[in-house]
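Copied from TrEMBL, the annotated features are:
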REPEAT    53-94  repeat 'WD'
REPEAT    184-225  repeat 'WD'
REPEAT    536-577  repeat 'WD'
REPEAT    579-620  repeat 'WD'
REPEAT    623-658  repeat 'WD'
Amino acid sequence: MAQLAETYACVPSTERGRGILISGDPKSNSILYCNGRSVIIRYLDRPLEVQVYGEHGYPATVARFSPNGEWIASADVSGTVRIWGTRNEFVLKKEFRVLSGRIDDLQWSPDCQRIVASGEGKGTSFVRAFMWDSGTNVGEFDGHSRRVLSCAFKPTRPFRIVTCGEDFLVNFYEGPPFKFKLSHRDHSNFVNCVRFSPDGSKFITVSSDKKGILYDAKTGDIIGELSSEDGHKGSIYAISWSPDSKLVALRGMGLWEMGLMKLIGIYGHVCPLEFRNSAAVLRYLQVMEHIRKDGMVLTVSADKSAKVWEISEDNIGKVKKTLTCPGSGGVDDMLVGCLWQNDHIVTVSLGGTIFLYSAGDLDKAPLPLSGHMKNINSLAVLKNDPKVILSSSYDGLIVKWVQGIGYYGKLDRKVISQIKCLAAVEEEIVSSGFDNKVWRHSLQGDQCGDAECIDIGNQPKDLSLALLSPNIALVSVETGVVILDGSKVVSTINLGFTVTACAIAPNGTEAIVGGQDGKLNVYSITGDTLKEEAVLEKHRGAITVIRYSPDVSMFASADANREAVVWDSASREVKLKNMLYHTARINCLAWSPDSSMVATGSLDTCVIIYEVDKPASNRITIKGAHLGGVYGLAFADERNVVSSGEDACIRVWTVTPQ
């Protein structure tokens, strides 16, 4: 059997010029965000504990916890909202087609009975509010002429809904049933986000015109704004209020004082006579009064900064603290999302990096949580202790992970190019992309050192290193193979058939080349020449991957027709057959360090682990390992398998042989 040990989560999908609206659940201290068709549930105090919901048929855009924390409503680009439970394997409650286009934001009513969603639509149908269990409309939302980017539900009665969007309008609706009440056009650019304060007394909008405007939540009238002094210099994409003031006030009190608060009542401040002069009561009331007058909000902007604003009694927001996230200062450091939850201040950059600040100590350096945003196509495990995992995605990002810790940084390269194949040893990374080039980077601690580029004249299809002599590399191209020694091309050999995969023995004396015809061609390597030794025929589809076992006594191959085969290196006979348990193309395979097990990953989302000395029917299957397919596999040790896939996540599985 195989058990999930760790998950290294993907980062939120972002788009330049657009904010992302993340949300969370204060009770479980978790946040929600979307990447591709996945909705990610990530726990701020347990970074390696991640849950993924992958039942959307289209890319997901936004997700929200219900106020009671029991349900999650998530939406996608097709205009569909799915409501599912946070427990019991995410059981689906309801699914509704809400809008005709992409949904950009949705919010629950405080009684968990209604949901409002906004986004793209046809005609004037950019916003819809409906009952969560029946889908029945609970109002008409006229007044917008373009995409509605954000919506908000007033957290207290009487209920109100506010919407804002690309037509520069902020519309205010009363209900239920909800009807248009008034509209404001005080912003001069896209209005990106609107949020009510936790006590329901006011709401705020922020815009690409760099302004934030405060409104009365009951009447919709403008009552204040964020000061332009020390304000943002770029578009403001998202905003989040500080948590409920009761929690902030109680956080600084001792156990006796908190017990006393239960007696005096949280809301009414009804104080028993004997406690009327208690220092704890006076302190509580003073803090409550201060927070009521001076609520705080968090904003993020394209100017690469986040700002904490203090809202004064006259409803003017003044900057209390400017947070500048560490980074290179490039485009990827623009901040596009934020959330203030419990004692955590969360910001999200355009590059997807999540920064966690402590709300109680804003001077403390933030904790970065990052990863991949795109399909992870290659994995490599270095022989360190603890184990270091390197992963690459086709957008050119290489990320370093440490088993048991998680994210450990990105490897910066001086030249960023797309990556198709990646191979690594302790001191060097070799990669190939779509530009006819192979790159060799020295690995110096946490960073890439000097790089050497080799132009091989054709687009690389596969890459293999001779592990005992890692300066020797074999690169397959469509018409043959290229042998590299360091940064020099030793030879380019035309093999006379269409090549799809290759592998070179650890000592560099033998190579196996797979073709479109399903044949395995075994060659001996002498200097710069290849001599054909054998042609192995067993596969019925194009060869997709070939790997030698660590002890070189065997090699394994897999094809596009879902079959894998283990061969004996000496006799070149089939050692393990009938490995036909995938239902789609096999993309990757890996050997355990002791050569006792081989794992295969497929487009069918499964990982299958075979024991070489047992029949193929005695397999271990991990179903649904990665949404969209498995593209990378490696063994961290004899019992831990690392996998990656189209969902941009990495998972570590602990395998127990049957």
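Backbone N, Cα and C atoms are what each Cβ position is placed from, and that goes for glycine too.
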Pop the mean pLDDT for the repeat 'WD' (184-225) in here, whole number is fine.
96
In terms of Cβ proximity under 8 Å, which residues at least six beyond the ends of the repeat 'WD' (623-658) contact it?
1-11, 35-38, 50, 52, 54, 371-381, 387, 389, 391, 393, 401, 403, 584, 587-594, 596-597, 599-607, 609, 611
In terms of Cβ proximity under 8 Å, which residues at least six beyond the ends of the repeat 'WD' (536-577) contact it?
462, 464, 500-503, 505-507, 512, 514-522, 583-595, 598, 600, 602, 604, 610, 612, 616
The repeat 'WD' (184-225): which same-chain residues, six or more beyond its ends, come within Cβ distance under 8 Å?
19, 21, 149-156, 158, 160, 162-166, 168-172, 231-245, 292, 295, 297, 299, 301, 309, 311, 314-317
What same-chain residues lie close to the repeat 'WD' (579-620): Cβ under 8 Å, and 6 or more beyond its ends?
1-2, 541, 544-545, 547-551, 553-554, 556, 558-566, 626-635, 637-638, 641, 643, 645, 653, 655, 657-658
Within the repeat 'WD' (53-94), count helix residues (DSSP H, G, I), strand residues (E, B) and coil residues, in that order.
0 helix, 22 strand, 20 coil
For the repeat 'WD' (579-620), what are the DSSP-based totals of helix, strand and coil residues?
0 helix, 19 strand, 23 coil
